[in-house]
Amino acid sequence: MKPASRLFYLSLFALWSPEAQCKSDESCAISPKAIVSDACASYSTLEQLNRDIKPALEDLTRTTDFFSHYRLNLFNKECPFWNDENGMCGNIACAVETLDNEEDIPEVWRAKELGKLEGPRAKHPGKSVQKEEPKRPLQGKLGEDVGESCVVEYDDECDDRDYCVPDDEGASSKGDYVSLLRNPERFTGYAGDGAKQVWDAIYRENCFQKSSFPKSASLGDTYSVPKNPAAQDFRAVMQAAGRQHMLEQQREQNPLVPFVTKTGLESEDECLEKRVFYKIVSGMHASISTHLCWDFLNQTTGQWQPNLSCYINRLHKFPERISNLYFNYALLTRAVAKLGPYLSSHEEYTFCTGDPAQDADTRAKVLAVTSKAANTVPGPVFDESIMFKNGEGPSLKEDFRNRFRNISRLMDCVGCDKCRLWGKLQTAGYGTALKVLFEFANNDTSATSSETDEIPFKLKRTELVALFNTYARLSSSLDAIQKFRAMVEESEEGQQPQSHEQIEGSENSGAHHIPDRAKKPRHVIVPTPDAADHAEASDTNTATTAVDEAKAAGVTPAPKVEHQQQVEVDNNDDDDDDDEFHEFQRQPQQPDTDPNFVYKKRTLKDDFENEFRAVFAAFKLVIRSYLNLPALIYEITITELKRFWQFYVGLPVMPRTWEFRRPSLDEL
C-alpha cells in the first residue's frame with residue numbers, strides 16, 4: 001500500500017501547488033536555462049552552439065558544389081496514398097488559382113510561379129556515360145563552373161537500414177539534379193486542403209498504436225526494483241498535470257486541437273522512442289513554418305520580408321512547437337558530430353573523385369562543421385544510446401523506421417515543386433540522422449573494427465547532402481526564432497509606454513475611479529424658469545468674463561442654454577442587466593418644439609399614469625422571467641450533464657455558463 005498512498009499524496013500536493021508566475025506562457029515554456037525535453041542541453045546552450053556553427057555551416061552549403069546540388073525524382077512519382085486529382089485541392093489548379101485576389105497579383109508573384117523550380121536541371125547519367133566521361137558525366141548541363149564529379153552520385157544501391165525511401169528505388173527515371181541555392185525554401189503560396197491533407201496524414205496516419213507486446217518491456221532483462229520510486233511517481237504526476245493544463249489552454253484557443261488520447265503521440269507517458277518520433281515530425285513542421293514566415297512574400301509590394309503575424313499565429317502561441325524545433329537541432333547536432341570521424345580521412349570518403357582540390361576544400365569545410373558540433377559543447381546534446389534498449393526494442397525500431405518511411409513517401413503527395421523538393425530533402429536529412437544515430441556503431445571500445453570500416457559506405461551522396469542541408473535549415477530556423485522573439489518583445493514594449501502615458505495623463509487631469517453606483521441613471525432637477533432668470537441675471541458679469549477669457553485662450557466657449565429642462569443623465573453603461581429596467585423607469589416631461597415651452601404643474605392623473613406604467617413594466621419583467629425559467633433550467637441541466645460526461649471520460653471540463661450570486665447594492 002505504500003506506493004498507492006505515496007502516489008495519492010504526491011497527486012494531492014501537485015494539484016494544490018500554485019501555478020508559476022511568468023510574464024507569459026512562452027517565457028515559462030522556453031526558459032534559457034531550461035533543458036530541452038528529451039535532450040541533454042538547455043535552450044541557451046543550443047543557441048550558443050548555433051551561433052558558433054552557423055557561419056561554417058552556411059559556408060559549406062553555399063560555396064561547395066557537393067552540398068549545393070541535390071538529386072531527386074521530383075516529377076515521375078505519383079502519390080501512393082490517394083488520388084492526386086481528388087486529394088490535391090491545395091495544388092496550383094485548385095486552392096491557389098481560385099483565390100479571389102490571385103488575378104490582382106502580378107504573375108511573377110503568384111503561387112504557380114513561386115512554386116516552380118529555378119535554375120538548370122540535369123538528368124542522372126547512365127553507367128556507360130559515367131565511364132566514358134568521368135570528369136563531366138552531366139556534360140555541362142548544370143553550368144561550366146560546376147564540378148560535376150562533386151555532384152553526380154555513383155552508388156545507386158539501397159540499404160534496408162534506410163529510414164527513408166530512396167528516390168531512385170523502383171523508378172523509371174533516375175531523377176534530376178537541381179540547385180538548392182536557386183530554389184530557396186520560402187513562401188510559395190501553397191496552401192489549402194491539399195497541404196492540410198498531407199500534414200494530417202503525417203500526424204495521424206503515422207502515429208504509434210498501443211504496444212503489441214504490453215509485457216515485453218522486461219523480456220531479456222533481469223527483474224530489478226526501480227530506483228527512487230517516489231521521485232518517479234512525483235515526476236509522472238507533475239508531467240501529467242502540466243500536459244493537462246497545456247492541453248486545456250490549447251483547446252481554449254483552438255477547439256480543434258486533438259486530445260492526447262486520440263493521437264497517442266503528444267503524451268509524455270509514452271516511451272521515449274515514440275516521443276522522439278513525434279518531436280521530429282513536429283519540429284520539422286515548425287522549422288518549415290519558420291522559414292515561410294521569415295522569408296514571406298508581400299504579394300502587394302513584391303518584397304520578401306519577415307511576417308511577424310505569421311510567426312505569432314503559427315509558432316509563438318505554441319511554445320511546444322518551438323521546443324520540438326530545438327530538440328531536432330540537438331538531434332542533428334549529435335548525428336553530425338558522430339559522423340565526423342568517418343569523414344575525416346580521404347580513404348574513408350571521397351567527395352569529388354575528379355577534382356582533388358575541390359575534394360580537399362569540401363573535406364575541410366565538412367570537418368569544420370563536424371568538429372564544432374562535437375567540441376563546442378562538453379558532452380553530447382542528445383543521448384541515443386538509451387533508445388531501443390528494452391525487450392521491445394528491435395520490433396519498435398522496425399516500426400519506427402517503417403513509419404518514417406511512410407512520411408518520406410507522403411512527400412510525393414505535395415503539389416508544389418519547391419515544397420516537394422524541400423520536403424523530400426528534409427525527410428531524407430532526418431532519415432539520415434536517424435540512420436547515423438541508431439544504425440552506426442558508437443565510438444567506444446565495444447565497436448569492432450569491421451563495424452567501423454563498413455559504416456561510411458552505407459551513406460550515399462544524397463544522404464550527406466540532405467543531412468547537412470537539413471542541419472543548415474534548422475540553424476536558420478533557430479536564428480529566425482530568436483529574431484522573431486526580439487521583434488515580439490519590441491512590439492510589446494512599444495505598446496507599453498503608450499498605455500503608461502495614458503494612465504499618467506488621466507491621473508494628472510484629475511480623473512478618478514467612478515463607482516458603479518454613481519454611473520446609474522439620475523434625475524437632475526432643474527430650477528424653475530423664474531429662479532433660472534434670477535440666477536442668470538446675477539451671474540451675467542461672471543459669465544461674460546469667462547467667455548472673454550476663453551476666447552483669449554483660443555478656446556471656443558460652449559453655447560448658451562436658453563431653456564434648461566428636467567433631463568435624465570445616462571452614461572450608456574454596458575451593463576445588460578440595467579437595460580431591461582429602463583422601460584419602467586419614470587420618464588420626465590419632455591419639452592415641445594415650441595421655444596416658449598413652460599413646464600406644467602404635475603397633476604394627480606399624471607402621477608397615477610406614471611406609476612401605473614412603472615408597475616406594469618415590472619409585472620411584465622417578472623412574468624417574462626417565470627416563462628423563461630423552464631428553458632433556463634433545461635439549459636443548465638444540459639450544461640451540467642455535458643460537464644459530468646467530460647469529467648467522467650477524462651476530458652477537459654468546459655466552464656459553466658451560469659452562476660449563483662447575491663445582487664449588489666446597485667441592483668437592489
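Numbers here mean position along the shown chain, with the first residue as 1.
Cβ coordinates come from backbone N, Cα and C, glycine included.
In the disulfide annotation of Swiss-Prot, C413 is paired with C79 out of the candidates C79, C89, C94. Only one of C352, C419 is recorded by Swiss-Prot as the disulfide partner of C416: C419. Straight-line distance linking the Cα atoms of N307 (N-linked glycosylation site) and C419 (disulfide bond), rounded to a whole number, equals 19 Å. Least packed by the Cβ count within 10 Å, out of the glycosylation sites N298, N307, N406, is N298. Distances between the Cα of N298 (N-linked glycosylation site) and those of the disulfide-bonded residues C79, C352, C413, C416 are shortest for C416.
Checking each of the recorded positions C79, N406, C413, C416, C419 against C352 (disulfide bond) by C-alpha distance, the shortest gap belongs to C419. In the three-state DSSP scheme, N298 (N-linked glycosylation site) is classed as strand. Of the recorded residues, C419 (disulfide bond) and C79 (disulfide bond) place their C-alpha atoms 15 Å from one another.
Comparing the disulfide-bonded residues C79, C352, C416, C419 by how many other C-beta atoms lie within 10 angstroms of each C-beta, the top residue is C416.
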